[in-house]
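Okay, structure first, notes after.
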Amino acid sequence: MKESRFGSWLAIVLGASYFLIPLIGTFEFSLRMKRGEYSFEAYRVVFSDPNFQASFLFSTVMAVVTVVLGILLVVPTAYWVQLRLPKLRPLVEFVTLLPLVIPAIVIVFGYLRLYNSSSFLPLTNSSFGTNVLLACGYATLALPYMYRSVESGMRSIDVRTLTEAAESLGAGWPTILFRIILPNIRSALLSGAFLTFAIVIGEFTFASLLNRPAFGPYLQLVGANRAYEPAALAIIAFFVTWACMGLIQIVGRARGDSARR
Amino acid sequence: MIGVTPFFLFAILFLLLPTGILIVGAFQDSQTGAFTLANFGDLLQPSILSAFRISIYVSATSALGGALLGFALAYAAVLGKLPGWIRPTLTTFSGVASQFAGVPLAFAFISTLGRLGLVTLLLRDLLGFNLYATGFNLLTFWGLTLTYLYFQIPLMVLVVTPALDGLRKEWREAAQILGASPLQYWRWVAGPILWPSVMGATLLLFANAFGAIATAYALTGSSLNIITILLYAQIRGDVLHNANLGFAIAVGMIAITAASNLLYIWLRARSERWLK
């Protein structure tokens, strides 16, 4: 039995080294900007770059818009499927899984054909229109994650009883949806939201091909032209992802507690 | 019905129509718009075929490697009799690492295994071992595969852990009581139960790597000829001088990921019979 535990430890130690060494390497590299000493110079340069601030802000706003759009699309759908239209469940599930099958670059290629300046809906004509298109694209990319998380949240509460109780007290469907159902699946919504945020914030393909000044294309540009700043940016990006995942763990734990109560 | 209308309208506008227009375009002549199969014939030219081939190799290698190593890690954490804190730590970290793809991941590997990377320098200064003299280069097939493994392994851990959880302790005990050796247990009990989920997860990893572009683009620029980078260049500047050939490439990519996913769905349906 000792032997099998040795094998497990070996796997964990090797796995941990594979994951930690690139992080350590990146961090060490990011400190090397000043010759002969370790400093946070690369971080200072990155944070004071107006393009960093602008692109990070742009992507943050896009991420928030995407989260709101995703919630507005997914919550009513999951609710109606659960309550009234269970027959549609396989179809809805199939559609929400499609973005995992169709590569993102193919989807955005289609957008450029469908919504170009000579099309029936020339969204790419103005920067506002392109931003709308980008948000819709991000909502599409996030659909599999958002839907799964909301759906599992709704399965864990008694949607039917809640709806009937609210109806008998005279509530209309917007009240039921936004004041009864939404607060009850708050933690599922939040984990979907943070995952969406993590996906959108560094996304490259959509933003680059739609020519939007987002964080992903900015990262790529810095990577092609600078030496030490990219390492600092990678560490920053890792911490943003880490923060999102940490928040998912926290809200997930909160959900576990309330279920036990 | 009205409640699900916005969802389907959205899916049609931003998922089905954009894909549909590419599929139709792939069957059309770019000059006349007449229906033709010529675009698919043009896919057979060497540069496009080789891009498809390298993409498939990178995806398959990183999927197989990720599946193997991810399975070993998940197995160690779930059934390896390790201290209790290992498993939640691994799961949390896998959640982060599986999302840590794209441009920042490329930077991380350049800082580690690039010509001036930490590991490259340490090997040179401490062991006198010149990594780049061995022919290794981060900007090649193996470099890209090694980089992809960084998100493939954690994804495998996340996908395969529930399957390992479904492996009941009683089954192993029953097999032992009946006199089975560990090898027999794996051959006749655990293997047949696990293989559909392991195979399915491997296919998911394949599709995951096949559609990826940002990591490869940030790592190698356009020097590595993989299909996503070729399509990116085509969208950017019509490098193939035939718009509809681009559509055919897109359709070819969909066909490959769809086949891989259909197989995945079928295998998952099979594995779920056992894991309820």
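Heads up, the Cβ atoms here are built off N, Cα and C, so glycines get one too.
Annotated transmembrane segment per TrEMBL: A:7-27 (among others), in sequence order. Remote same-chain residues near the transmembrane segment (A:7-27) are listed as 231, 234-235, 238 (criterion: CB distance under 8 Å, separation of at least six residues from the stretch ends).
Look at TrEMBL and you will find A:56-79 (among others) tagged as transmembrane segment. Same-chain residues lying 6 or more positions outside the transmembrane segment (A:56-79) and placing a CB less than 8 Å from one of its CB atoms are 92, 131, 134-136, 138-139, 142-143, 146-147, 150-151, 154, 159, 177, 181-182, 185, 189, 192-193, 196-197, 200-203, 207, 212-216, 218.
What TrEMBL records for A:56-249 is domain 'ABC transmembrane type-1'.
Outside the transmembrane segment (A:91-112), and at least 6 residues removed from its termini, the chain residues within Cβ reach (under 8 Å) are 77-78, 81, 124, 133, 137, 140-141, 143-144, 147-148, 205-206, 209-210. What TrEMBL records for A:91-112 (among others) is transmembrane segment.
Residues or ranges marked as transmembrane segment in TrEMBL: A:128-147 (among others). Long-range contacts of the transmembrane segment (A:128-147) within the same chain, counting only residues at least 6 positions beyond its ends with a Cβ under 8 Å from a Cβ of the stretch, are 62-63, 65-66, 69-71, 73-74, 77-78, 92-93, 95-97, 99-100, 104, 107-108, 111, 115, 122, 192, 195-196, 199-200, 203, 206-207, 210-212, 214.
Annotation comment: TrEMBL describes A:188-210 (among others) as transmembrane segment.
Residues or ranges marked as transmembrane segment by TrEMBL: A:230-251 (among others). Here the transmembrane segment (A:230-251) has Cβ contacts under 8 Å with residues 23, 26-27, 29-30, 42-43, 45-46, 52, 186-187, 190-191, 194-195, 197-198, 201-202, 219, 222-223 of the same chain, all six or more residues outside its ends.
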Contact set, same chain, for the transmembrane segment (A:188-210): CB under 8 Å, 6 or more residues outside the stretch: 59-60, 62-64, 66-67, 70-71, 74-75, 104-105, 108-109, 111-112, 124, 130, 133-134, 137-138, 141-142, 145-146, 148-150, 152-154, 156, 182, 216-217, 219-220, 237, 240-241, 244-245, 247-248, 251-252, 255
